[in-house]
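Heads up: the structure comes next, in structure tokens.
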Amino acid sequence: MTIAIGKSSKEPKDLFDSMDDWLRRDRFVFVGWSGLLLFPTAYFALGGWFTGTTFVTSWYTHGLASSYLEGCNFLTAAVSTPANSLAHSLLLLWGPEAQGDFTRWCQLGGLWTFVALHGSFALIGFMLRQFELARSVQLRPYNAVAFSGPIAVFVSVFLIYPLGQSGWFFAPSFGVAAIFRFILFFQGFHNWTLNPFHMMGVAGVLGAALLCAIHGATVENTLFEDGDGANTFRAFNPTQSEETYSMVTANRFWSQIFGVAFSNKRWLHFFMLFVPVTGLWMSAIGVVGLALNLRAYDFVSQEIRAAEDPEFETFYTKNILLNEGIRAWMAAQDQPHENLVFPEEVLPRGNAL
């Protein structure tokens, strides 16, 4: 037998291969190429939000207190949007507005654009992380497809909607009570609850919650009792080859309850993916429509009849009056720079008054 001794046929690794090996190495927390986008942007987005809610006032942009330092709590603190006068400026720290002054940048609302843009890229990086990991372990990329729903909603609400309006001012501020206020704004100015895309979104999200509850309960109800552990978590090996629960039994049960049931796991789980993701995408499309000031359903005949007949009123006409009240009160409070003053005779009144 002849043994050939010589140089290895492998070529030396270039910089890209070395980085690829290090980034995709098997470790406790996967980094990957997507991590180069995800980790820095998520760090800056969260850091900006914690900084803003802790220290930064909204007095100069909204006339509000919005930080822990001013007495807010977790539910009322927020990173507020820039003033309406700043329109769609990126509000870069080194830009003409702040001119490198960090304090002035915070006062102008620069942290909001900072958090919004870094947060958007962090969400995209997280979706790419799911793609990358799925490819590495030879899975299909449906996790990433599912995560596109929340990304679509975030981008449409925080970026596309204010881009269609006069400025970032009309986007939601990053805070719990601030987003509640934004929801009221959406109802008053866009009649959002009567928008068909909102209806599809509600059906998707609540339908998904119902599907999750039914699915979880059904699996628990049809577990095979062949484990000897003290509870569900100890009774089965995560790498077992056999089924954990009986699809046949579940099918028979729901066939008797509803008259119809899913016949296989693939269709069942695809449906559980399809319902919430489609609902979120429909909501996102609806918000893009609102950015262009597209209207929801208008039942003008009911409005005309209610105006002519004091005894005629529907839940729709009552809601329209409520929306007018939201606009009349919120516009003056929310946009003090417009100096809006409404005479009492134009403020909405119910037909009984």
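Glycine is treated like the rest: Cβ placed from N, Cα and C.
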74-90, 125-141, 244-260, 312-328 - the range that Swiss-Prot marks as transmembrane segment: 125-141
HIS198 (chlorophyll a PD2 binding site) CB neighbourhood, other CB atoms within 10 A: 22
Three-state secondary structure, PHE262 (plastoquinone binding site) (per DSSP): coil
Stretch of maximal Cβ-Cβ contact with the transmembrane segment (41-61) [cut-off: under 8 Å; candidates 125-141, 153-166, 208-228, 279-295]: 125-141
Rounded inter-Cα distance in Å - HIS269 (Fe cation binding site), HIS198 (chlorophyll a PD2 binding site): 24
